[in-house]
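Read the structure below first, then the notes.
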Amino acid sequence: MSNSSPKEQNAAADLQSFRNGEPSLTYTSNHDNDDADESAIIDDDEDEEAHQQEGNTQNQGEQSPVRQQQDTASLDSFSSQPSLFVRFIRSTFGFRKTTLTLAVVLSYLFVILVNAAFEKQSLVIESPEPAILTKAWTDLQVISKDIHPFDSKANDEVHDYILERTRSIAATKPYIEARGDNSTVMFNQPDLFNSSSSTNRIIYFESTNVLVRVKGTDPSLEALLISAHYDSVSTSYGTTDDGMGIASMLGILEHLADKKTERPKRDIIFNFNNHEEIGLLGASVFFEHPWSDKVKYFVNLEGTGTGGRAVLFRATDTGIISHYSNVRSPFANSFLQQAFNGGMIHSETDYRVYAEHGLRGVDIAFYRPRSLYHTRRDSIKGANRESLWHMESNALDLVLDLGYNSIDEDLSPSIFFDVLGQQFVYFSLDNLYILNISLLVLIPVLSIVLLLIVKKRHTWHIYSTRGWLRFPITTVFSITFVTLVGRFFLFHDAMIISRNWFTPLIALTSLFLIVSYIGLNFANWVVPIHDQKLAILLELNSLLWIATLWATVEIKRYSNVGNYAITIYYILASLSSLFGLLALALKPRQRIELPEDLDEEGDNTRGVQQRLKEAALKSFSYDWSIQFLLLVPIWLLVTYSFGGLGLEAINQTIQESNALGEISFKFLGAVAVLLGLSVLPFVHKLNAALTVLLAVTCAISSFATLVGPVFDYQHPLKLRFVQQVTRAGETQVKVFGKHGFIEPVINDLPSVKQLKRNYTCTELSDGNGQCVYDGQRPWLVDGSAVQNEFENLLTVKVLSDTNTGKTRYVPFDSDLEIKAVQSRHCLLLFNTTTFHSGNGVDKYKNAPVKQVSLYHKLQNNTRPEMKDNFALSFVPSGHSVDENGTDIYRLNQGIDEFLVDKTEWNQDTFHVGIEWLYDWSEESDGDKRDRNLGVTVRCYYGEYDAVSVIDGEAKRKIPALDELLQYAPVDVEISNLDRGLAYLEQYVEL
């Protein structure tokens, strides 16, 4: 128990409170000079309130002359007035609220403006305009003149144009050759969008690719493939998807054929492929061509948006990605590759086919805005030369670097990103793993060493249990508020992020900073500690150490290429915190003497303490500015760069499923937190005026997010259309989209209102819905109205069937003749009582169909004779061709679907053989029909932007779609739902 008087206790308490504040001078009492426990630190991080008190201390308390003389003598080394210049430097660059606030505001503005400026700069076309760009733009105009899906006459016209262009270019050089490809392929294609699906879809496809080979000077080198597809979907002109890729390839070919261009060292093969949109088939059939045998590397050009910059978002390995560092305007990020791999983006490109065939290469694509992708807004009107040149010039630089140089054999996965479109950074995942391990060990060791030095020298007075919980508690509260508000946005209207991700990002970032400011400022006021920013930096560094450890495990287990930013954050926080510790470790210890008696009454004690504060204010340190510059600007730049890129890529995926919407909002919240996290070490020193501004910004941004239109012309709602024609003459229109948004569009259609047509809407899984109504009948082929009746467009005949119900343990053989007038592709689906294609009653049961055949030669309208009834025993697994030219595919696991694509318009008939086994273990005692095989034949038509001549009168092919396009609101766009825009379906039982 203390024997001191209350006044002594008050003075000691005041002194202790002062010691635990933010002093920077070491002081000791004359009463006990050698007692280390009496030392304390006066922090450089002075409060502005102390500045205000500086002018008042002259008049504060009339002390006795003797006492005043003692105080002055003890502090005379610190009482000299600094020069005007020194005071200017201190007021401008000291750790003051105004200075810090200005630095924070400038950092955020810098990051936003510099990103926009450099993006604009990267789209500038050099002057004069390159000749290959001028020609490529003309090519693009011709290619995207009409909507040209695979099953359209316009598709043939595009094919002929590309073939003519390439042949004319090839004619200028003896080592360039161009040809049309007529290869065929029959293969098993898994579900492209669901890796867990066990569906086996057998596809027969006839190629209409256009191939060009530029022979290199060294035939021993493996060839480079450059690829893009020239077909569009049925509802789009395909200007960006993928006309720009085709036009870029033609421009590159023009450059290679130029008389000033040297012949490349390795062969460069161009694959202008067809039918990518419905199954990546043009890339798949390429491997049936002999030129594919020599190909080892590839560059795939795609378009999943409608302009902007073309991003390199996937690469197979470090060796191949290293060559991208030589392009003139790099734009790439492996974060998108991880998002693609993780299912955040539901699309696929030919990259997948080439990579699965063991090729090494990259995927370059346009990526925004996704809501215009596959709609008629993807047209030449919405395109520009700048976007075309960005893809063409970068692809040209990459192709030249790969074609003229040796290629690194580093096959390890790579992380990569660009810096403002000026520099390209890449390194292997193995090297990142090593770097992370090194940092996880080195940084803690350095921190501990410096902390021990600081503790020994008593230059940082902070208790082991005091002040260390404010950062985690405040951060948890801030993240909780951000999460709650983000969830409120989501539940209020999940579609708001589809139109605009920037406004809610501003709202959530402002909210995070406000809550953090309140929490940390309150903690600093209640329990002030010496150098709070350093304490928070160390805690932030510890948090990032854990995150880096997790990211390192992800690298080892899953080859995750998207978490590289965590390593950057850890490095930045480490540099900033280590610098703070180093500054304390090297700081000289200055001592002042306190009077021996702290128990005198009156204002003497208060005067001494006030003079101590004045002295502290005159010992300035500017290490905060270095810490700020090491941490905040680069952190914000990294976060905004990959965060903005990611949000632009995924924000409109909410229209595809609620699950993707959840991911989008979570990612939005994560970016908002990351944008605020780097400022937390300094946030308690922000000017209160800025917090008011942040509150206003948060309120305005939230209001704009909640009350603004969900969709607009630039960010429309996307609905998907298909029309089914039934044998009974029904013409059902199916419109698919987000549940609740379809009905208003259908309600306003003239045919629905005038004819009082009923429609039914069904809520499907994952927030989607489908509405069905009777639409205007389609006119699919030229001729008479009778020729457009169902029975004259699609007929399915059973030519033979061995399922008599008597044989049990041998395969059944059935032959079908399918006549589909002017349809280029038909899909066969199979079902029994226990199995249905795509929706098996028992998901563990194999499909009954074991073999499908496509006959090209017939004998008396029947297939050629087989050796005996045990056909399955004589056919190898997989694809084979018999002596009659019949394509056969056998799969013992069972075949779920069979898709037949053809290229000849006049070849209306498909002849298909099916061999199947009934599962007799499930034999029913009921009707014989329980042992039958059901076959659904569905044939598609994709042309709509054309007319059919019906009995001498021109009629639009699919008027129901025309009506929907014409009367849908300006903020609604229409895309295709299925393989075509209309289909006919017939069911037979074997």
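These residue numbers are counts, starting from 1, taken along the chain as shown.
Backbone N, Cα and C atoms are what each Cβ position is placed from, and that goes for glycine too.
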Notebook entry, point to check: Both PHE95 and SER657 on the same side of the membrane in Swiss-Prot, yes or no?
Noted result: no
Check: Swiss-Prot tags one of ASN436, ASN831 as N-linked glycosylation site; which one?
Finding: ASN831
Next item on the list: May I ask you to find which of HIS148, HIS374, HIS390, HIS458 Swiss-Prot records for the Zn(2+) 2 site already listed with ASP241, GLU277?
Entry: HIS374
Next item on the list: Identify, among the recorded positions ASP241, GLU276, GLU277, GLU302, the residue whose Cβ has the fewest other Cβ atoms within 10 Å in this structure.
Entry: GLU277
Check: Going by C-alpha distance, which of the recorded positions HIS229, GLU302, TYR373 is nearest to GLU277 (Zn(2+) 2 binding site)?
Finding: HIS229
Checklist line | ASP241, GLU277, HIS374 excluded, remaining Cβ within 8 Å of their centroid (Zn(2+) 2) | finding: SER232, VAL233, SER236, GLY238, ASP242, GLY303, TYR373, ASP378
Checklist line | Helix-strand-coil residue split for the topological domain 'Cytoplasmic' (455-470), DSSP-based | finding: 4 helix, 0 strand, 12 coil
Check: Taking pairs 6 or more apart in sequence, does the count of Cβ pairs under 8 Å between the transmembrane segment (626-646) and the transmembrane segment (98-118) hit 3 or more?
Finding: yes
Notebook entry, point to check: Roughly how many angstrom lie between the C-alpha atoms of GLU276 (active site, proton acceptor) and HIS229 (Zn(2+) 1 binding site)?
Noted result: 6
Check: Per the definition of 3+ C-beta pairs under 8 A with sequence separation of 6 or more, do the transmembrane segment (566-586) and the transmembrane segment (98-118) touch?
Finding: no
Note to self: DSSP-wise, what's the residue breakdown of the topological domain 'Vacuolar' (492-501) into helix, strand and coil?
What the structure shows: 5 helix, 0 strand, 5 coil
